[in-house]
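Student: Here it is, the structure in full.
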Amino acid sequence: MEAYLDNSATTQVFENVTEIMTRVMHVHYGNPSSLHAKGLEAEKYIKTAKGIMAGQLKVREKEIFFTSGGTESNNLAVIGTAMANKRAGNHIITTRIEHPSVLNACKFLEEEGFEVTYLPVDKNGVVLLDKLEEAVTDNTILVSIMYVNNEIGSLQPFSEISEIIRRKNPKTVIHSDAVQAFGKCRIFPQKEGIDLLSASAHKLHGPKGAGMLYVNSRIKIKPLFYGGNQQDGLRSGTENVPGIAGFGEAVKMAYDNLDEKTQRLSQMKRDFISHLEKLEDVTVFSKNEGCFAPHIISAGFAGVKSEVLLHALEEKEIYVSSGSACNSHKKASSATLQAIGVPKDLLDNTLRFSLSYETAEEELDYTIETLTQLLPKLRLYRKR
Amino acid sequence: MFKSFLIKYAEIGIKGRNRYLFEDALVGNIRLMLDALEGKFRVYKTSGRIYVDVESDFDYEETVACLKRVFGIAGICPVLQVEDNGFEELTREVLEYLDKVYPDKNKTFKVQARRARKNYPIDSMEINRKLGGAILEAFPEIKVDVHAPDILLNVEIREMINIYSIIIPGPGGMPVGTAGSAMLLLSGGIDSPVAGYMISKRGVRIDAVYFHAPPYTSERAKQKVVDLAAKVAAYTGPINLKVVNFTDIQLYIYEKCPHDELTIIMRRYMMRIAEHFAKEQGCLGLITGESIGQVASQTMKSLAATNEVCTMPVYRPLIAFDKQDIVDIALRIDTYETSILPYEDCCTIFVAKHPVTKPNLNIIKKSETRLEEKITGLVDEAIRTAENIEIIPG
């Protein structure tokens, strides 16, 4: 049996999505900027996708911009805002648990003379609101806080966050990296006070290489690329029409029956955690239901290196991540796990199980069963 | 402009009555290596010379790069071959050759003619003089230097006439296969690929064995070794790689033996298994990338302890090399970048904090007796389940 529990790294593409993409590539392959009918056909796919996204977010279609993925969306949001608001101030606030595409964009801006505050989080990975309040000043041009954390799944109380920021500085732009949230949570940027919101197609059964940035029309940001002025000049370059069409279709399917699917996932997560906790020496970090998204489970396995456990599970066709997949190429302990206070001896012993609506109960049962067999065997050879 | 290469070889020339064996091997190896390129190449031996003629469109740079990896080649000379249409025509061809190959004429030269075909109407000295005169006349900046010329222009009168002046250094060494074959213990590190390269350069065909320890090592670590083997194979030709699952043996040693002796005992079993495959495949020795004192398992005492299990010669070409010297070669043969990829291999995961650096062979042997119950079965199993991967040059 195979258990793919790495859906926060990437997901299998839905068949409907592949179908629509194939159609775009083979039949409606025009350049949306072309004046002729082939161009118009292609443009329609983009319009449809925009409509789907705008509908779900309850925003206007012209506020949706397509990019090459989450990383570009985050860079465009963070760097684009900073560059457009240089005169208003040079202070940026983010958190210690952001994705590298936000953190490293901030590092770049620090080199360019901006000041960045990295907010701490509590043991549930939620931003410390009093620290946030302290940090916002007249000089703050941007606050970037992720919606759902990619490693532990922590959710942020966005309405409260925006309220605090707006009270202290109404001009501050609020960005949220919602790559792990879009398609899994109902997000309403207007209501929650989010001006910029990033999303990625391949995290919700869409194709790789397609991303989205919602930009509130009152916000001015500078583009990263210069060229043919497609997408109102904010993102030059011929649109990735098959990717965008597939993205739209994937979003439609993700939000179809969302509440029912979320309920099922939550129940699965609850069961999985209770089974995990019955195993010896396992610590679950993403337990508190109010604070965590229903699709990510982060757990520490004392005495077993996460990489070893990961490969042992792989031999049984169970696929998981150690830390976050983007991070596992370098040998540094996860900043997120450190930020939520995971004890030192569990930092390199933590696995992430990430589910999707497609995950079957049997996959989780099989995983628990396999862990039950593997853990005692692997622990025989603890480093003495 | 070049459609032909003259291949110079050094050491083969002195091999007496075996010479044809070496030459034929070199011709065969050149053919094999050029096979991977696009283009039609004719490789042949004639009157003590090896030529590569190109009979189609080809990529000059790529072809030279390929020939530079064939052991046994001392020099590669791109040759202009012209038909004999009289001396005047030859003079014209020589001038055109010089003009094309040396856009900057501010150089010294010497003509070196040779008549393999003695019925050519003008003798060598005369050719030298006449061509030299014509060159001086055609290109006023150029000067003659008979002792150390920048350009040594060779004109060889054979069936066709060869004109050449460029000698691109080859890798040297001996044609692969002429010395026999040996089994390389290949890890994912920097040293072992270099060791394989060096021994192969002496004419040795290489087979390799890699020990992996899933789940303690990943598929990526194994892929890295496969990629490394392909880089080595770019010089040595196809390699038969055995991938041995070493996990159970490693865990068993870990369970039964003192941890500071772990690496030594582990390496002793690796040598035993490598030797088994070496014998099975008709190899005449083992090759390792060890260098005295580089790590705890490579002190002289450790090497002696590891060596003790082998009945075959173990070739350690890097034994007296500093790390930087090894890195330099790794960079030159393009294995370095792959070697430094960060996937753990089984040598780094089970290391004790303070491994023994001066193992006492008697103590090691005594520790190994604790393994008696199961070790033979585990070794047999590891040998039986080893995966065979045919590595083609990459």
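In case you wondered, yes, glycine gets a Cβ from its N, Cα and C as well.
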Student: Of the candidates B:R158, B:R267, B:R332, which does TrEMBL annotate as part of the ATP site that also includes B:L185, B:L186, B:Y210, B:F211, B:G289, B:Q298?
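Tutor: Looking through B:R158, B:R267, B:R332, the residue TrEMBL assigns to the ATP site is B:R267.
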Student: For B:Y210 (ATP binding site), name the DSSP secondary structure in the helix/strand/coil scheme.
Tutor: strand
Student: Same chain only, sequence gap of 6 or more: which residues have a CB within under 8 Å of the CB of B:L186 (ATP binding site)?
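Tutor: Long-range Cβ contacts: B:S192, B:P193, B:G196, B:A208, B:V209, B:Y210, B:V225, B:L228, B:A229, B:V232, B:L241.
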Student: Could you tell me the maximum Cα-Cα distance in Å between the residues recorded as binding ATP, namely B:L185, B:L186, B:Y210, B:F211, B:R267, B:G289, B:Q298, rounded to a whole number?
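Tutor: Across B:L185, B:L186, B:Y210, B:F211, B:R267, B:G289, B:Q298, the widest Cα separation comes out at 18 Å.
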Student: According to DSSP, does B:L185 (ATP binding site) sit in a helix, a strand, or coil?
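Tutor: Going by the DSSP assignment, B:L185 (ATP binding site) falls within a strand, counted as strand.
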Student: Could you tell me which three-state DSSP class B:G289 (ATP binding site) falls into?
Tutor: coil
Student: Sort the residues of the domain 'THUMP' (B:61-169) into helix, strand and coil with DSSP and give the three counts.
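Tutor: Tallying H, G and I as helix, E and B as strand, the rest coil: 37 helix, 31 strand, 41 coil.
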Student: Would you count the other CB atoms within 10 A of the CB of B:L185 (ATP binding site), including those on all shown protein chains?
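Tutor: The Cβ of B:L185 (ATP binding site) has 23 Cβ neighbours within 10 Å.
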